[in-house]
Amino acid sequence: MTKPIVAIVGKPNVGKSTIFNRVVGERISIVEDTPGVTRDRIYSSGEWLTHEFNIIDTGGIEIGDAPFQTQIRAQAEIAIEEADVIIFMVNVREGLTQSDEMVAQMLYKSKKPVVLAVNKVDNLEMRNDIYDFYSLGFGDPYPISGSHGLGLGDLLDAVVENFNKESEDPYDEDTIRLSIIGRPNVGKSSLVNAILGEERVIVSNVAGTTRDAIDTEYSYDGQDYVLIDTAGMRKKGKVYESTEKYSVLRALKAIERSEVVLVVIDAEQGIIEQDKRVAGYAHEEGKAIVIVVNKWDTVEKDSKTMKKFTDDVRNEFQFLDYAQIAFVSAKEGLRLKTLFPYINQASENHKKRVQSSTLNEVVTDAISMNPTPTDKGRRLNVFYTTQVAIEPPTFVVFVNDVELMHFSYRRYLENQIRNAFGFEGTPIHIIPRKRN
């Protein structure tokens with residue numbers, strides 16, 4: 001299921017970031033256990049009344065044609081385009097301004113649900129000053145105080161009321177849902193076209209469950225696939241591509257609806273920080289992943305080139321040590337057939353279940369080879385392990401004290417489970433839980 005996207009927009013200094021932080025709370029904290037995943041995002045997850053959503057902060061929009069302002073306005077337009085609901089924030093202390101009216105004009109054109117939030121209403125007397133904002137034409141303004149947290153519940157009530165009910169997944173459970181992600185200009189569109197080209201049977205273009213996404217169904221070697229949001233991957237435009245933090249919103253929607261994600265990198269340019277950031281989105285969503293090294297035809301090669309590049313990928317993507325690596329040239333159509341066994345294996349392992357008896361034998365043997373750690377004289381005791389979920393495979397380990405299960409030992413158990421059962425292409429989650 002795809003989480004709705006909520007965008008906070010408005011002129012500078014109306015308190016957008018304060019409200020953003022209020023909504024996401026502690027969800028923006030850094031997870032230390034995941035090396036290599038950069039976290040300088042302007043979006044995070046929020047939840048209200050059992051509704052989960054992604055929320056994004058945008059730069060302040062002002063009147064003017066300075067290059068910096070032009071870029072901020074372009075970024076905000078992208079955020080508005082990708083959002084399902086928009087929080088339009090204004091500042092009661094400044095009153096209604098030309099910048100507010102300019103933002104309102106942008107929002108009229110979007111035809112998206114807009115919830116008007118009047119910030120910095122820090123006391124009851126200031127509520128009398130919100131009525132000027134009715135003229136913006138977005139219905140009742142919601143008075144809030146970001147600094148004090150006042151009125152936030154009513155605001156979020158209005159936001160979630162605008163969420164559309166999710167459509168059911170229209171695809172058969174045996175159909176592999178696939179998305180292609182990567183930073184700009186790594187050849188995503190070329191890979192889409194190559195996959196859908198010769199020897200592939202395109203079944204149909206169907207509307208996806210996400211607004212204005214087009215999914216493409218196709219078959220290869222007896223297996224059905226659906227490529228999520230081919231329209232989004234083919235989308236062009238320098239402004240859209242240059243604003244990476246905002247254009248990633250569409251990729252997030254595709255990732256959430258996917259089972260297997262192809263992370264595309266450029267063999268010619270090598271691996272940069274942005275590649276790791278893009279891959280991190282899919283990893284954190286628990287998706288099966290195949291790393292695709294594209295433009296392999298542009299690299300001068302000898303007998304050791306592929307081994308060296310593989311080592312570089314493993315070093316840079318340490319958090320994706322489970323992902324298979326495919327070397328292809330989408331433009332030339334080279335080595336594309338190597339992709340599909342990796343995709344199929346990743347999908348199969350993403351849904352794999354293992355027997356509890358065999359699983360516990362593996363864990364017992366692992367503990368015999370490497371005894372559980374101690375801390376201040378107390379030893380970690382592992383009582384029982386069971387698989388509780390698939391997509392991704394998730395295991396609960398019942399222990400005497402969760403604090404004694406350090407990350408390094410959890411990773412050790414994960415590696416032993418992988419060695420025993422495979423799980424190539426998919427993350428697996430190990431969750432320690434105190435036995436009652």
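Positions of Cβ are set from backbone N, Cα and C atoms, glycine also.
Record features, source Swiss-Prot:
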type    : residues                  : note
BINDING : 10-17, 57-61, 119-122     : GTP 1 binding site
BINDING : 182-189, 229-233, 294-297 : GTP 2 binding site
DOMAIN  : 4-167                     : domain 'EngA-type G 1'
DOMAIN  : 176-351                   : domain 'EngA-type G 2'
DOMAIN  : 352-436                   : domain 'KH-like'
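Structural mapping of features recorded in Swiss-Prot.
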residue: Gly10; record: GTP 1 binding site; DSSP (3 states): coil
residue: Lys16; record: GTP 1 binding site; DSSP (3 states): helix
residue: Thr58; record: GTP 1 binding site; DSSP (3 states): coil
residue: Val121; record: GTP 1 binding site; DSSP (3 states): coil
residue: Gly182; record: GTP 2 binding site; DSSP (3 states): coil
residue: Lys188; record: GTP 2 binding site; DSSP (3 states): helix
residue: Trp296; record: GTP 2 binding site; DSSP (3 states): helix
The one of Ile61, Val121 whose CB sees the fewest other CB atoms within 10 Å, among these binding-site residues: Ile61
The domain 'EngA-type G 2' (176-351) [mean pLDDT, rounded to integer]: 81
For Ile61 (GTP 1 binding site), the one of Asn185, Lys188, Trp296 that lies nearest, given that the binding-site residues are compared by Cα: Asn185
Nearest-integer angstrom distance between the alpha carbons (Cα) of Gly10 (GTP 1 binding site) and Gly182 (GTP 2 binding site): 29
Trp296 (GTP 2 binding site), number of other Cβ atoms within 10 Å: 22
Other CB atoms, at most 10 A from the CB of Asn13 (GTP 1 binding site): 13
C-alpha spacing of Lys16 (GTP 1 binding site) relative to Trp296 (GTP 2 binding site), in angstrom: 44
Asn185 (GTP 2 binding site) and Thr58 (GTP 1 binding site), distance between Cα atoms, whole Å: 24
Chain-internal residues near Gly182 (GTP 2 binding site), provided their CB is under 8 angstroms and they sit 6+ positions away: Lys188, Val263, Val264, Ile265, Asp275, Val278
Position of peak Cβ density within 10 Å, selected from the binding-site residues Thr58, Asn185: Thr58
Spatial separation of Lys16 (GTP 1 binding site) from Asn185 (GTP 2 binding site) - C-alpha basis, Å: 32
Gly10 (GTP 1 binding site): tally of other CB atoms within 10 A of its CB: 26
DSSP-derived helix, strand and coil totals, residue by residue, for the domain 'KH-like' (352-436): 32 helix, 24 strand, 29 coil
